[in-house]
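*Asks:* Mind looking over this structure? Questions follow.
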Amino acid sequence: MSICRFLKWVMLLLVIFPSLFDPSLSHFDSAKKKQMREKVRKMFYHAYENYMTHAFPHDELKPLTRSFTDSLCELGNLKLEHLPQNYNGTALTLIESLSSLVILGNYTEFERAVLWLSENLSFDVDARVNLFEGNIRVLGGLVSAHILATDSMNRLIQGSYKNQLLDLAKDLGQRFLPAFDTPTGLPYAWINLKYGLMKNETTETSTSGCGSLILEMGALSRLTGDPKYESASLRALRKLWSMRSSLNLLGTTLDVETGEWIEHSSGIGAGVDSFYEYLFKAHILFGKEDFWRMFHSAYLAVQKYFRHGPWYHEADMRTGKATYWQLTSLQAFWPGLQVLVGDIEAANSSHREFVHVWKKFGVLPERYLLDHQMVHPTEKYYPLRPELAESTFYLYQATKDPWYIEVGEAIVDSLNLYTKVEGGFASIRDVTTMQTEDHQHSFFLAETCKYLYLLFDDSFLVDRNYIFTTEGHPLPVLSAWHERLPEIYIPSNRTCVKKEKPKRASAMSLQVCPALSLNSRHGEQLVESACHIPDA
């Protein structure tokens, strides 16, 4: 090689990989991540300790008044109907915090919390709860914590834990089952923990509400050896899929008795979001090809009928015609799901638009009107949601692009500036004025802090293979849970990155266990990679 060509290669490498020649840059990135990790740690404990001091064992903290709300029976219950008279909470925020404590390395507090719940928690209460919220927050939190408590890597004192959380999860799962006793197999949205189905219960539910139960209930069946939990959730999921339109689109709300759609407009946001998420994650967790085939068809339909450039509007499930041109904060989970799928270019494109809206307001408004480029006049709030942090974490895992570290830093700074109060972290009532609201949701500790921490320190994931539920609770990908375990599932790390070109996320190829890599072309077609994806 000539000297001239050699110098050109050196210059090119300096541009592409400057840290190889300037170790201080790599050290700077490491120091920045460590600094941000400690900021997030302080955020978590500020929220957690205030909850434990002012709200525990009630459900959630009211940080402005330093009091509590028993919110499990209020979640999704906008009219606040059928509230119990003598309900004193189920330590909801503590349950939601369990896996975060492990990820932060606080095994002492984790063990203390597990033992308290083992001795004190009971679901024999006259409380009407939302099935979906109870499943993802409480059942998911208990199942995940049980798995972590029985993991020898987590240093729980030998003999102090005897599957008490699994017993609680089994009891709760049993209390959920009457909700599935319908002609269609689609579950009611509400169930009374003590008395089962209430008289004259509403038959309306959402696509997410009956299509996002398979991870937690499936895991419960695998852990207990009792198939009834997984069978009930699987029957509901398959019934829901059978109700799709000829375009492979689903509506937002439906009637569980008749199996008829109530709201035909749909998208990837509220009421539908986790349905898509659970199809793909269930394929990874349980290895069923049916889940992949459903997801593949659904994903193609989303890209074809909902996507408009980097945005995703809503459309009529019957015609595919656009209905509402709006961004909802829950849609920010989508880039993270696309990373798992391997559609990095599309994920990066949408993620940057969400970041733009976040920076415009300082946080992400619940609803933003795309056609008017303005926040929704009545849904101006930000309840400490985690979805943007979640997608940022996944994209950084996929690309190692330091830009995502900068995004995470901006999110942390915004949360500390606008939502941190003396008594915890408060929701934002109006993003245009940053007026605060007296509520610290449990998912702030279960997800928002967790994903931000993992963005800056992913050591918890080393030599482990986890899927996170829609509430951020880790479930291990185990060969014993698969009907058939393809060879591609075997690698221990959850992500392994292969750099193809020295560009940003759009030029990176992510392989995720099970290394499904799909490439988007004009948002309408997916091309199978060399990972031997089964035919749809």
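Cβ from N, Cα, C; glycine included.
Pasting the feature list from TrEMBL:
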- Glu133: active site, proton donor (ACT_SITE)
- Asp273: active site (ACT_SITE)
- Glu366: active site, proton donor (ACT_SITE)
- Glu387: active site (ACT_SITE)
- Thr470: Ca(2+) binding site (BINDING)
- 1-26: signal peptide (SIGNAL)
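Where in this structure would I find these features, and how exposed are they?
*Replies:* There are 22 other Cβ atoms within 10 Å of the Cβ belonging to Glu133 (active site, proton donor).
Summarising the environment of Asp273 (active site), the number of other Cβ atoms within 10 Å of its Cβ, over all protein chains shown, is 24.
Within the same chain, the residues at least 6 positions away from Glu366 (active site, proton donor) whose Cβ sits under 8 Å from its Cβ are Thr328, Ser329, His376, Glu379, Lys380, Tyr381, Tyr382, Pro383, listed in sequence order.
Applying an 8 A CB threshold to same-chain residues 6+ apart, the list for Thr470 (Ca(2+) binding site) reads Ile136, Ser212, Leu215, Asp273, Ser274, Glu277, Tyr278, Phe333.
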*Asks:* What is the total of other Cβ atoms whose distance to the Cβ of Glu387 (active site) is within 10 Å?
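*Replies:* Around Glu387 (active site), other Cβ atoms within 10 Å: 25.
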*Asks:* Return only the integer: C-alpha distance in Å from Glu387 (active site) to Glu133 (active site, proton donor).
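*Replies:* Rounded to the nearest whole number, the Cα-Cα distance is 16 Å.
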